Amino acid sequence: MQRNNNFSKLETSYLFSSIRQKIRAFREAHPDVSIIDLSIGDTTQPLHTAVMDTFTKSVQKLGNPETYRGYGPELGLSTLREKLSEVFYQGKVSPEEIFISDGAKMDIFRLLSLFGPGKTIAVQDPSYPVYIDTALLAGAKKVIKLPCRKETDFFPVIPQGEEIDIFCLCSPNNPTGTVLTKEQLEELITYANSHGSIILFDAAYSAFISDPSLPKSIFEIPEARSCAIEINSFSKSLGFSGVRLGWNVVPKDLRYSNGLPIIDDWKRFLHTTFNGASLPVQEAAITGASLFPNLEAIAHYRHNSSLLREALQKAEFSVYGGEHAPYLWVEVPKILPDEDFFDFFLTQYHIAITPGKGFGACGKGYVRFSSLGKIEDIMAACQRLTLTSVYDRMV
């Protein structure tokens, strides 16, 4: 059996797996040092009491012969799809256009696989590594990286003369923590509609947006229905990162170049490849959607971001993002070699972060801080950061 050649196109190891290995090695070499891990974007706040109550009752039903259920509907519980249409989209998206999944990461891969190999995929640079990896595994002909730099407020620069099949866009963005404005989204939507491209819009962090003028969904712009697919997740909004649940939206208006509706193929794809998300988790999400987002947890993470921003600025770092996202994109002084960023924060501050270059070439010169930690860890990190200026640490 020959190896799938697409694997040879990937980096040797996944970014966050490499970070975990480095942290583990440092802890083994320095057992007396307390490491604060602000590298991985995982949640730390518990599930809401009402969500937990529904979850528990639903699981208990599986232990009773009279209430036991096996497989659920592949496309998701109709009650949950209706609730999302009502609460999250205010009717702009119908329940029939919403599909419940086991998380955003799998949705990205499934949707790119739906369109088949040989496509040209554009991703933001810097960007979540999964977009590039899944595009390559799905057999993309070409992956184009769209530079997102501070000079353009991290808005992607679209290359001229390139025929792009699919744009992978994330807003609020991971890793920069910045948000696309309505005007910026309209520009991208106009481009996609005029060039026959599809926008794969990752809105997994939309619950963090507090400014009503900033779009939480690409479908707040009506013209997106003919060019966009949206992905979202309960991981950050309700703390479901450990139980896995998300959703995607494929509008009925979205069509192939031959006029056939994409939604029909998507249903066929899911019926073949997916048996549906966990029923107890979906039922818990129905309760959670009524609370959406879990404002107490979101407020906690926003407070963390505010504390980190203040501490980093006091230590003379330039900080971007973090106001409408759980990530802060931190520019590191140019006098420090790029490859030393991770080691610098680990050895000087005993804080683990994510080096920006792991998100792409345009991430060089930056690091990402996650505000999804516990408050005691955030406060301890802030104390370490503000002891001295970053420039004093480099002496």
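Yeah, the Cβs are placed from backbone N, Cα and C, and that goes for glycine too.
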Same-site residue for pyridoxal 5'-phosphate (record: Swiss-Prot; known: ALA104, LYS105, TYR128, ASN174, TYR205, SER233, PHE234, SER235, ARG244, ASN275; options: TYR68, TYR71, TYR89, TYR301): TYR71
Binding-site annotation, Swiss-Prot, substrate: partner of TYR14, GLY41, LYS105, TYR128, ASN174, ASN275 in ARG225, ARG368: ARG368
Among TYR71, LYS105, TYR128, ASN275, ARG368, which are recorded as binding-site residues, the nearest neighbour of LYS236 (N6-(pyridoxal phosphate)lysine) by Cα: LYS105
Most Cβ neighbours inside 10 Å, all chains, among the recorded positions LYS105, LYS236, ARG368: LYS236
Cα-to-Cα gap, ARG368 (substrate binding site) vs SER233 (pyridoxal 5'-phosphate binding site), nearest whole Å: 21
Residues that sit under 8 angstroms from SER233 (pyridoxal 5'-phosphate binding site) by C-beta distance, when 6+ apart in the chain: GLY103, ALA104, ALA204, PHE240, LEU245, GLY246, TRP247
